[in-house]
Amino acid sequence: MHAEFRTDRGRIRHHNEDNGGVFENKDNQPIVIVADGMGGHRAGDVASEMAVRLLSDAWKETTALLTAEEIETWLRKTIQEVNKEIVLYAESEMDLNGMGTTLVAAIMAQSQVVIANVGDSRGYLLQNHVLRQLTEDHSLVHELLRTGEISKEDAMNHPRKNILLRALGVEGKVEVDTFVVPFQTSDTLLLCSDGLTNMVPETEMEEILKSKRTLSEKADVFITKANSYGGEDNITVLLVERDLTQKGRDAS
């Protein structure tokens, strides 16, 4: 597996509340994670850092999980535990009241990839030169779009587009979505925060992923492109290809 992680403050925000990275368990099986924190007084970066650290630390203690079913079970259970830890910590610190974070994570299982998500950080797959979104946003705007109350055009500039219906650290229990999809040689997996998807149209995202650039260059182009369109939020990108091997590395 070859992975490239990038995170950038953007052009407007004073702090980067995104977090993520690539981490391996005892059998060198990787997990890739992106989290986008929220909350005032830098509480957002505490929440996203906790989510990534707690999930990756738990993963580092495991041995290889070989089936998609095993991985789904582990992700659901562990993310639930991570959520409880963030809630308890927020309750113990007055300055952190109201903090939370999105989370999207992926683990490879033989010829498949298992993805888990909470919030509006997304997972995409480029397969057969077509980019498709794997995850569903847990947001007010997505719900309005799903029920036909607003159009896609309305959604792009909706005044309440940042309101999440699910996030880690908000309530004692959280619903975690999981997806299992084929992941083949030459496919590219993209995990990202909304600082990318709110700035760069999916048609351009697809063109970048289909280009002849290296994976590292593609990651850099995503950050540059999002900033060129305004960089209104923190931008985080994690790209994964199956056909190369690279030792996992932490990043934040």
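From the backbone N, Cα and C atoms, a Cβ is placed for every residue, glycine too.
What Swiss-Prot records for this protein:
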type	residues	note
COMPBIAS	1-18	compositional bias 'Basic and acidic residues'
REGION	1-23	region 'Disordered'
DOMAIN	2-242	domain 'PPM-type phosphatase'
BINDING	ASP36, ASP194, ASP233	Mn(2+) 2 binding site
BINDING	ASP36, GLY37	Mn(2+) 1 binding site
Express the predicted model's confidence over the domain 'PPM-type phosphatase' (2-242) as a mean pLDDT, rounded to an integer.
94
Taking the centroid of the Cβ atoms of ASP36, ASP194, ASP233 as the Mn(2+) 2 site, which other residues of that chain lie with their Cβ within 8 Å of it, listed in sequence order?
ASP18, THR102, ASP120, SER121, SER193, GLY195, LEU196, THR197, ASN198, ASN234, ILE235, THR236
Taking the Cβ of ASP36 (Mn(2+) 2 binding site) as the centre, how many other Cβ atoms fall within a 10 Å radius?
31
If H, G and I count as helix, E and B as strand, and all else as coil, what does DSSP give for ASP194 (Mn(2+) 2 binding site)?
helix
Pull the DSSP breakdown for the compositional bias 'Basic and acidic residues' (1-18) and write it out as helix, strand, coil residue counts.
0 helix, 8 strand, 10 coil
Proximal but sequence-remote residues of the same chain as ASP233 (Mn(2+) 2 binding site) (Cβ under 8 Å, at least 6 apart):
GLY10, ILE12, ARG13, SER193, ASP194, GLY195, ASN198, MET199
